[in-house]
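Per Swiss-Prot, these features apply:
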{"type": "TOPO_DOM", "residues": "1-9", "note": "topological domain 'Cytoplasmic'"}
{"type": "TRANSMEM", "residues": "10-30", "note": "transmembrane segment"}
{"type": "TOPO_DOM", "residues": "31-135", "note": "topological domain 'Extracellular'"}
{"type": "CARBOHYD", "residues": "56", "note": "N-linked glycosylation site"}
{"type": "CARBOHYD", "residues": "92", "note": "N-linked glycosylation site"}
{"type": "CARBOHYD", "residues": "113", "note": "N-linked glycosylation site"}
{"type": "TRANSMEM", "residues": "136-156", "note": "transmembrane segment"}
{"type": "TOPO_DOM", "residues": "157-164", "note": "topological domain 'Cytoplasmic'"}
{"type": "TRANSMEM", "residues": "165-187", "note": "transmembrane segment"}
{"type": "TRANSMEM", "residues": "191-213", "note": "transmembrane segment"}
{"type": "TOPO_DOM", "residues": "214-224", "note": "topological domain 'Cytoplasmic'"}
{"type": "TRANSMEM", "residues": "225-245", "note": "transmembrane segment"}
{"type": "TRANSMEM", "residues": "249-269", "note": "transmembrane segment"}
{"type": "TOPO_DOM", "residues": "270-337", "note": "topological domain 'Cytoplasmic'"}
{"type": "TRANSMEM", "residues": "338-358", "note": "transmembrane segment"}
{"type": "TOPO_DOM", "residues": "359-368", "note": "topological domain 'Extracellular'"}
{"type": "TRANSMEM", "residues": "369-389", "note": "transmembrane segment"}
{"type": "TOPO_DOM", "residues": "390-395", "note": "topological domain 'Cytoplasmic'"}
{"type": "TRANSMEM", "residues": "396-416", "note": "transmembrane segment"}
{"type": "TOPO_DOM", "residues": "417-425", "note": "topological domain 'Extracellular'"}
{"type": "TRANSMEM", "residues": "426-446", "note": "transmembrane segment"}
{"type": "TOPO_DOM", "residues": "447-456", "note": "topological domain 'Cytoplasmic'"}
{"type": "TRANSMEM", "residues": "457-477", "note": "transmembrane segment"}
{"type": "TOPO_DOM", "residues": "478-484", "note": "topological domain 'Extracellular'"}
{"type": "TRANSMEM", "residues": "485-505", "note": "transmembrane segment"}
{"type": "TOPO_DOM", "residues": "506-550", "note": "topological domain 'Cytoplasmic'"}
{"type": "REGION", "residues": "513-550", "note": "region 'Disordered'"}
C-alpha cells in the first residue's frame, strides 16, 4: 500500500485537511506584505535642505532664498546656498540661483509629509549621501531570506515541519514587532534580517506540510491556492498601507498577527510522511489515526497497524537511498549543464522581478494604485502562463516570458519620466511576464532534473533566485549615474538569460526522468503511470511560484 493510499484510507481531503490547509496558508497573506512593505515604510517623500539654525527667514527673504533650483525648476534635494540669494526665483537655474555658492544639507532636511507622515527615510535621513542605506536594508532582508531557506530547510528535515513552523511564527512576530520599535537604523536592519529568515522558513514549510497531508490528485490545487493567497496579500498590503501610513504602525500591524499564528500552530498535526521518513512508525500511526478521527473515519484508522505502515514505508526507504547530494550537480556533465543554465534563468527572473516591485515610486503614479495593479496582473499572468506552457511548451514559454519582460523594462528606460501612463503600462506588462516566468521556471526545473536530485536542483535554483533578489536593490543605486541605468540593467539581464533557454531540452509531453541515464535518453512514449505522475506531481513544483522568491 502506498502512502497516498493511506491518506485516502483516513479520509482523503476531509475536515482535517480543509482546516489545517486554511490555517497554514493564512499567514502567507502577511508574508507578501513583509516582502514588499519597504515600498511604503521606506518611501522617499519630496524633500529639501533645512536652512541654517541661525537663519532669519523673514529678513533673508524666506525659505526660497536658501534653495537652489534643479533643471526642472524644483528645489534641489541635497544642496542649499551658503548665504541667502535675494531677488526673484530663477526656475531655470540662471543668475543668482545658478551662480551662488552651495553646500550640503548640514542642518538636515524638510520633508513633504502629506502622503507619508513618517518613513524610515524621514526618521533617519536616508537621503542624499545616505540614500544607499535604504536599498541596503532591503538587501539585508533578502540575505535573511536566503539564510532562512538554508537553515530552516535543514532544520525541517531534522526536527519536523510543525516544530520549525512554530519557531518561525514566533520569530517573525518578535523580530517584526522589534523592528517597529527599533531606535536606530542598524537595529532595524538586524530585525528585518531575522524576519526574512523566519518568513523563508514559513514559505518552505507551509508548502511542505500542506502537500504532505494531501492526496496526489489534490496537491496541484493546494499549490495553486497558495500562490493565489500570496497574490491576494499584495492587494491587502496596498489597503493596509493606505489606511496606516506611519511606518512604525504599519510594521507593527503586519507583525503582531504572527503571535496568533504562533498560538494556533501548536494544534497542527505533524506530517505523517516526515515521521515515517524519520523511522518513527509509532508517531506515524498515531498521526494517521488522529486524522482519521477528525475526518470521521475512526474505523478505517483502527485498521492501520505497524505492519501496514512498514509495507507502505518500504518503497520510500528504497527511493530515499537514491537521493544524490548537491555536489552531484557539478560532478556530472549533464547535470552541470542543467544547473548552470537554470541558475541563470532563476537569477534573471528574481533579479528583474524585485527590481520592478521594489521601485513603485519611480513610475510617477500613486504608489497605492500601482501596488494594487501589480498584485492584479499576477492573476491573468499565471493563467496565461499556464495555458502557454501546456500548449506551446516549456522552452518557448520561458524564452518568451523573459524576453518580453526584458524588452518592456528596457523600453521603460527610454520613455520620458512625465509619460507616467506609458511607463506604468510597460512596468505592469513586464511584471506580469516575470510572474509567468516564475511559474514556468518552477515547472521546467522540476521536469528537467531526474528524480534522484530533483528537490536538490529546485533548492539550488531557489538559492540563485535569492541571490538575484539580494543584488537587485543594490543595482538601483546606479540612479546616481543616470536615472535610467537601473532599468537598462534590469532589462538587459532577462533578455540575455532568454537566450540560455535554447540550450535546454523541451519537456512538454516527455516522461519525467528518474536517473541521469533517463535524462540523456529522453525518448519513447509515456506509460500511463508516468502520465499520471507528470500530471499531478510536476505542477506541485510550479505551485510554489514567486512567493519563495519572493
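A Cβ is built for glycine as well, from the same backbone N, Cα and C atoms used for every other residue.
These numbers come from a predicted model, not from an experiment.
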For the transmembrane segment (338-358) and the transmembrane segment (485-505), does the number of C-beta pairs under 8 Å, pairs 6 or more apart in sequence, reach 3 or more?
yes
For the transmembrane segment (225-245) and the transmembrane segment (485-505), decide whether they are in contact, meaning at least 3 CB pairs lie under 8 A, counting pairs 6 or more apart in sequence.
no
Quickly jot the same-chain residues contacting the transmembrane segment (485-505) by Cβ under 8 Å, restricted to those at least six beyond its ends, or write none.
337-338, 341-342, 344-345, 347-349, 351-352, 355-356, 359, 395, 398-400, 402-403, 405-413, 434, 437, 444, 448, 472, 475-476, 478-479, 522
Far apart in sequence but close in space: which same-chain residues, 6 or more away, have a Cβ under 8 Å from residue 113 (N-linked glycosylation site)?
45, 122
Which one of these stretches, 10-30, 249-269, 369-389, 426-446, has the most C-beta pairs shorter than 8 Å to the transmembrane segment (191-213)?
10-30
Model confidence over the topological domain 'Cytoplasmic' (214-224) (mean pLDDT, whole number):
69
Under an 8 Å Cβ to Cβ limit, what residues of the same chain, 6 or more beyond the ends of the transmembrane segment (136-156), are close to it?
38, 42, 120, 164, 167-168, 185, 188-189, 192-201, 204-205, 208, 354, 358, 459, 462-463, 466-467, 469-474, 548, 550
When you scan the chain for residues with a C-beta under 8 Å from the transmembrane segment (396-416), skipping those not six or more beyond its ends, what do you find?
345, 348-349, 352, 355-356, 385, 388-389, 422-423, 426-427, 429-431, 433-434, 436-437, 440-441, 444, 484, 487-488, 490-499, 501-502
Stretch in 10-30, 249-269, 369-389 most in contact with the transmembrane segment (165-187), if contact is a CB pair under 8 A:
249-269
Which bits of the chain, at least 6 residues beyond where the topological domain 'Extracellular' (417-425) starts or stops, bring a Cβ under 8 A of a Cβ in it?
363-365, 370, 373, 483
Is the topological domain 'Cytoplasmic' (157-164) packed against any residues at least 6 beyond its ends, judged by a Cβ distance under 8 Å, and which are they?
201, 205, 208-209, 212, 265, 268-271, 274-275, 278
I need to check the long-range neighbours of the topological domain 'Cytoplasmic' (390-395): which residues 6 or more away from its ends have a CB within less than 8 Å of a CB in the stretch?
440, 443-444, 447, 501-502, 504-508
With DSSP assignments reduced to helix, strand and coil, which class does residue 113 (N-linked glycosylation site) get?
coil
